[in-house]
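Enquirer: Heads up, here are the entries from Swiss-Prot:
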BINDING   Cys11, Cys14, Cys17, Cys58  [4Fe-4S] cluster 1 binding site
BINDING   Cys21, Cys48, Cys51, Cys54  [4Fe-4S] cluster 2 binding site
DOMAIN    2-31  domain '4Fe-4S ferredoxin-type 1'
DOMAIN    37-68  domain '4Fe-4S ferredoxin-type 2'
Amino acid sequence: MSHTVKIYDTCIGCTQCVRACPTDVLEMVPWDGCKSGQIASSPRVEDCVGCKRCETACPTDFLSVRVYLGRLETTRSLGLAY
């Protein structure tokens, strides 16, 4: 089952999410928006199992990578379900 994986421009290009993903959903691609010159990309979302290890590994305060498992997950992540 695939899930929606969003990469935000707060990504610092550290590769932590890529290394944490057990199914190789993520990869780094060139990007001029940060010092590292790269940003995470999710070309293989059909392989995402929803483990959210990428989110846990992300060192940014804004969780630059997010995995949305469905409608409830999306509203919860926005703080709307509480």
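Quick reminder: no glycine exception, Cβ is built from N, Cα and C everywhere.
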Enquirer: What is the interatomic distance between the Cα atoms of Cys58 ([4Fe-4S] cluster 1 binding site) and Cys21 ([4Fe-4S] cluster 2 binding site), given in whole Å?
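Expert: It is 11 Å, counting Cα to Cα.
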Enquirer: If you measure C-alpha to C-alpha, which of Cys48, Cys51, Cys54 (binding-site residues) come within 10 angstroms of Cys17 ([4Fe-4S] cluster 1 binding site)?
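Expert: If one measures from the Cα of Cys17 ([4Fe-4S] cluster 1 binding site), the binding-site residues that come within 10 Å are Cys54.
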Enquirer: For Cys14 ([4Fe-4S] cluster 1 binding site) and Cys51 ([4Fe-4S] cluster 2 binding site), what Cα-Cα distance in Å is obtained after rounding to a whole number?
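Expert: Per the Cα atoms, Cys14 ([4Fe-4S] cluster 1 binding site) and Cys51 ([4Fe-4S] cluster 2 binding site) stand 20 Å apart.
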Enquirer: Taking DSSP three-state, what's Cys54 ([4Fe-4S] cluster 2 binding site) in: helix, strand or coil?
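Expert: Going by the DSSP assignment, Cys54 ([4Fe-4S] cluster 2 binding site) falls within a helical segment, counted as helix.
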Enquirer: Roughly how many Å separate the Cα of Cys51 ([4Fe-4S] cluster 2 binding site) from that of Cys11 ([4Fe-4S] cluster 1 binding site), to the nearest whole number?
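Expert: Per the Cα atoms, Cys51 ([4Fe-4S] cluster 2 binding site) and Cys11 ([4Fe-4S] cluster 1 binding site) stand 19 Å apart.
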Enquirer: Using Cα coordinates, what distance in whole Å links Cys11 ([4Fe-4S] cluster 1 binding site) and Cys54 ([4Fe-4S] cluster 2 binding site)?
Expert: 12
Enquirer: Cβ-Cβ under 8 Å from Cys54 ([4Fe-4S] cluster 2 binding site), same chain, 6 or more residues apart: which ones?
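Expert: Within the chain, Cys54 ([4Fe-4S] cluster 2 binding site) has Cβ neighbours under 8 Å at Val5, Cys17, Val18, Ala20, Cys21, Val25, Leu26, Ala40, Val65, Val67.
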Enquirer: Hey, which of the binding-site residues Cys48, Cys51 is the loneliest by Cβ count within 10 Å?
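Expert: Output over binding-site residues Cys48, Cys51: least Cβ neighbours within 10 Å is Cys51.
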